[in-house]
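> Handing you a structure now.
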Amino acid sequence: MTNIRKSHPLVKIINSSFIDLPAPSNISSWWNFGSLLGICLALQILTGLFLAMHYTSDTATAFNSVTHICRDVNYGWVLRYLHANGASMFFICLYLHVGRGLYYGSYMYTETWNIGVILLFAVMATAFMGYVLPWGQMSFWGATVITNLLSAIPYIGTNLVEWIWGGFSVDKATLTRFFAFHFLLPFIIAAMVMVHLLFLHETGSNNPTGIPANADMIPFHPYYTIKDILGLLLMITALLTLVLFFPDLLGDPDNYTPANPLNTPPHIKPEWYFLFAYAILRSIPNKLGGVLALVLSILILIIVPLLHTSKQRSMTFRPLSQCLFWLLXADLFTLTWIGGXPVEHPYIIIGQLASILYFSIIXILMPLTSLVXXHLXXX
């Protein structure tokens with residue numbers, strides 16, 4: 001009799017995805033972030049579901065309902081801060097996961113990569129809408145500023161913004177629809193994750209050398225299940241430290257003031273995980289130009305596979321490309337810092353230079369370096 005694990009139509013899908021899956025024997029901890037992202041998503045959906053049971057998406061009561069969750073609901077404060085800081089862990093894992101893909105050439109699996117980029121956009125949209133829901137000052141003004149960017153689109157811009165708002169300003173209609181979409185999108189994301197994995201399992205995982213490892217594969221379970229659990233424990237430790245000791249470390253104090261359309265906060269800025277994109281947006285003095293740069297800062301990932309000029313897949317044996325990669329990372333930290341600083345003399349020019357550098361590294365310097373290295377190798 002065959003094992004139910006291999007014969008049952010449903011169980012055999014799980015088996016071929018998480019148990020008997022052949023995996024390269026040399027993948028490092030940088031390959032842990034996929035499973036961590038899956039767990040982050042599950043955590044966000046669960047905590048979000050329980051928060052939604054007590055939340056009201058009406059401008060008159062939204063802020064108070066969040067206060068009520070924190071004060072009166074059993075362990076409501078844990079749910080709320082797990083959900084808020086879980087988003088931060090989600091984005092840390094997301095950015096490290098993308099960085100891993102860039103470094104080791106995983107983007108050569110184009111279908112998997114492109115679905116990953118779409119997933120990134122979807123998660124960013126979800127996080128943005130979620131930030132609006134508590135209806136604090138930053139929620140309201142963040143929603144106003146970011147939705148207003150669409151008015152830069154020629155001809156249809158203004159109509160588009162008013163259509164999204166459901167009126168002539170960010171109001172009840174906007175909050176209600178943002179809640180609806182914030183609830184819906186994670187399930188769409190979960191479905192897309194399945195497709196992401198489907199395409200990944202067509203090719204199998206990449207590995208740190210960038211050389212096909214078909215000759216040396218090991219079963220996913222127990223080797224990588226136990227390795228993933230270690231990564232999970234580390235992430236949960238970090239998350240719980242954040243939630244139980246520093247729950248408001250990454251938040252904005254302005255969001256503890258109820259939304260007031262008549263009073264603009266001194267510095268409007270998004271959550272930390274959007275600051276790099278916000279800095280790129282602000283570094284261009286033209287509205288439409290800024291919006292385009294903002295979208296392209298993420299969309300540029302789509303064309304990365306086309307810009308691969310090296311003979312080798314991974315950067316493991318390419319010191320020049322490695323230098324550029326870490327310069328890119330430092331540049332992203334710089335942009336994140338600038339995004340949170342006010343629009344004043346030293347910061348403006350730093351932000352502009354960092355933005356130029358960001359696009360130059362990805363689109364010009366990296367392909368050129370790979371070409372040069374290929375010629376050096378040939379010689």
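Glycine residues also receive a Cβ, built from the backbone N, Cα and C atoms like all the rest.
Summarising the annotation, Swiss-Prot assigns heme b b562 binding site to HIS83, HIS182. As annotated by Swiss-Prot, heme b b566 binding site applies to HIS97, HIS196. Taken from Swiss-Prot, the feature ubiquinone binding site covers HIS201, and the record attributes it to similarity to another entry. For 33-53, 77-98, 113-133, 178-198, 226-246, 288-308, 320-340, 347-367, the entry in Swiss-Prot reads transmembrane segment, with the evidence type similarity to another entry.
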> So of HIS196, HIS201, which of the binding-site residues has the fewest other Cβ atoms within 10 Å around its own Cβ?
HIS201
> Would the transmembrane segment (77-98) count as touching the transmembrane segment (347-367), i.e. at least 3 C-beta pairs under 8 angstroms with sequence separation of 6+?
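Counting Cβ pairs under 8 Å (6 or more apart in sequence), the transmembrane segment (347-367) does not reach the transmembrane segment (77-98), since there are fewer than 3.
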> Six or more residues out from either end of the transmembrane segment (113-133), which same-chain residues have a Cβ under 8 Å from its Cβ atoms?
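Distant Cβ neighbours of the transmembrane segment (113-133) are 48, 55, 57, 62, 66, 87, 90-91, 94, 97-98, 101, 106-107, 139-140, 142-143, 146, 174-175, 178-179, 181-182, 185-186, 188-189, 192-193, 195-196, 199, 270-271, 273-274, 298-299, 301-302, 304-305.
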> Any residues 6+ beyond the ends of the transmembrane segment (320-340) with a Cβ under 8 Å from its own?
99, 102-103, 269-270, 272, 274-280, 282-283, 310, 347, 350-351, 354-355, 357-358, 361-362, 365-366, 369-370, 372-373
> Most CB pairs under 8 Å with the transmembrane segment (226-246): which of 77-98, 178-198, 288-308?
77-98
> Could you state the CA-to-CA distance between HIS196 (heme b b566 binding site) and HIS182 (heme b b562 binding site) to the nearest Å?
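Given the Cα positions, HIS196 (heme b b566 binding site) is 21 Å from HIS182 (heme b b562 binding site).
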> Including all protein chains shown, what's the count of other C-beta atoms within 10 A of the C-beta of HIS182 (heme b b562 binding site)?
21
> Let's check the environment of HIS83 (heme b b562 binding site): how many other CB atoms sit within 10 Å of its CB?
21
> What's the number of neighbouring CB atoms sitting within 10 A of the CB on HIS97 (heme b b566 binding site)?
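A 10 Å sphere around the Cβ of HIS97 (heme b b566 binding site) contains 20 other Cβ atoms.
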> Can you tell which of the binding-site residues HIS83, HIS97, HIS182 lies nearest to the residue listed as 'ubiquinone binding site' in space, using Cα positions?
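Result: the closest of the binding-site residues to the residue listed as 'ubiquinone binding site' is HIS97.
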